[in-house]
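Quick notes on the structure that follows.
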């Protein structure tokens with residue numbers, strides 16, 4: 001159910017020009033109509049919606065403009081011209097506050113925003129992440145340098161350390177740099193450095209503590225995602241033997257581990273392993289000894305399926321490969337919990353799974369990105 005907020009209160013002042021939202025917040029995601037139509041003969045899909053404003057705890061914003069007038073925001077619709085969005089309704093209030101602080105700080109120190117046409121300038125992007133329990137903000141500066149070896153980059157290092165001291169300890173969680181000197185639209189490279197602050201940002205999901213670094217994937221709408229996690233846990237059978245593919249830092253796997261006989265978590269991003277093990281250490285020895293972590297792609301780790309009866313997947317938008325589905329079907333697994341962030345790929349995967357003997361038993365939608373066409377699907381297949 002939508003929260004009873006007036007349409008006027010949900011009308012974003014940036015909507016007409018900003019590319020961040022495809023429709024106003026008070027409008028149900030149009031793609032949900034297609035989901036309902038697709039399954040109306042077999043299922044009765046439920047759409048879960050949380051709060052519509054202030055939900056985004058994580059934001060990546062472009063930095064453009066000039067020394068005198070830095071712009072921190074998203075690109076205008078149909079262009080690569082950046083737009084300030086100081087009154088963004090979906091941002092956590094701390095993010096909007098942090099953006100204003102950084103703009104003023106850049107003006108004061110006459111710092112150079114990135115210029116796409118010339119590939120000049122220093123600061124390309126910013127990422128802001130709010131730790132829910134403390135309200136502190138982790139900030140990442142994506143700098144147009146290869147490292148901190150040049151005199152210009154050393155000026156930035158000095159200013160970032162000063163920035164940490166300019167505000168109270170209750171505001172910044174940590175200050176990080178990602179070095180990206182390449183002519184690319186890719187925001188982050190693999191080169192990270194913590195300049196100041198705490199090494200890990202911690203979140204608690206139904207009593208299970210999970211930690212993140214800026215290089216790790218995490219959902220932006222954590223409050224609603226926590227409800228999805230609880231439903232996943234309710235679907236996992238007692239004493240299940242589970243393999244989770246595309247596990248990230250283990251948010252799902254660690255959350256359901258208490259119900260399992262054992263759980264193996266697989267993730268391709270090598271940066272996830274460190275956070276996974278730190279979070280694992282927070283669990284009791286009785287639970288932590290059930291949990292194993294493997295690095296590599298899902299297709300390369302199909303041998304993990306041996307002896308399992310349950311698989312949990314949360315793949316990227318391209319979905320599951322045919323090789324993965326074939327390996328899954330040839331295994332002993334009889335329960336598949338599929339978290340999908342790509343409707344088009346899910347439709348194809350669903351048809352392939354059904355053709356190989358799987359039955360779709362349950363489907364729920366989670367509007368993790370109000371204002372967008374994006375719907376997260378939580379589904380249960382059995383055979």
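The backbone N, Cα and C atoms fix where each Cβ goes, glycine too.
Residues or ranges marked as [4Fe-4S] cluster binding site in Swiss-Prot (evidence: similarity to another entry): 12, 18, 21, 88. According to its DSSP assignment, residue 21 ([4Fe-4S] cluster binding site) is coil. Just so you know, the Cβ of residue 21 ([4Fe-4S] cluster binding site) picks up 21 other Cβ atoms within 10 Å once every protein chain is counted.
Counting only same-chain residues six or more apart in sequence, the Cβ atoms lying under 8 angstroms from the Cβ of residue 267 (S-adenosyl-L-methionine binding site) belong to 246, 247, 248, 249, 250, 273, 276, 293, 294, 295. For 219, 246, 267, 314, the entry in Swiss-Prot reads S-adenosyl-L-methionine binding site.
Of all Cβ atoms in the shown protein chains, 19 besides its own fall within 10 Å of the Cβ of residue 341 (active site, nucleophile). According to Swiss-Prot, the feature active site, nucleophile maps to 341.
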Practice item. Please state whether DSSP places residue 267 (S-adenosyl-L-methionine binding site) in a helix, a strand or coil. Key: strand
Practice item. Using residue 341 (active site, nucleophile) as the reference point, find which of the binding-site residues 18, 219, 314 has the shortest Cα-to-Cα distance to it. Key: 314
Check your understanding: Nearest to residue 314 (S-adenosyl-L-methionine binding site) by Cα distance: which of the binding-site residues 12, 18, 21, 88 is it?
Key -> 21
Exercise for review: Give me the Cα-Cα distance between residue 12 ([4Fe-4S] cluster binding site) and residue 219 (S-adenosyl-L-methionine binding site), rounded to a whole Å.
Suggested key: 22
Practice item. Determine the Cβ neighbour count for residue 246 (S-adenosyl-L-methionine binding site): the number of other Cβ atoms within 10 Å of its Cβ. Key: 20
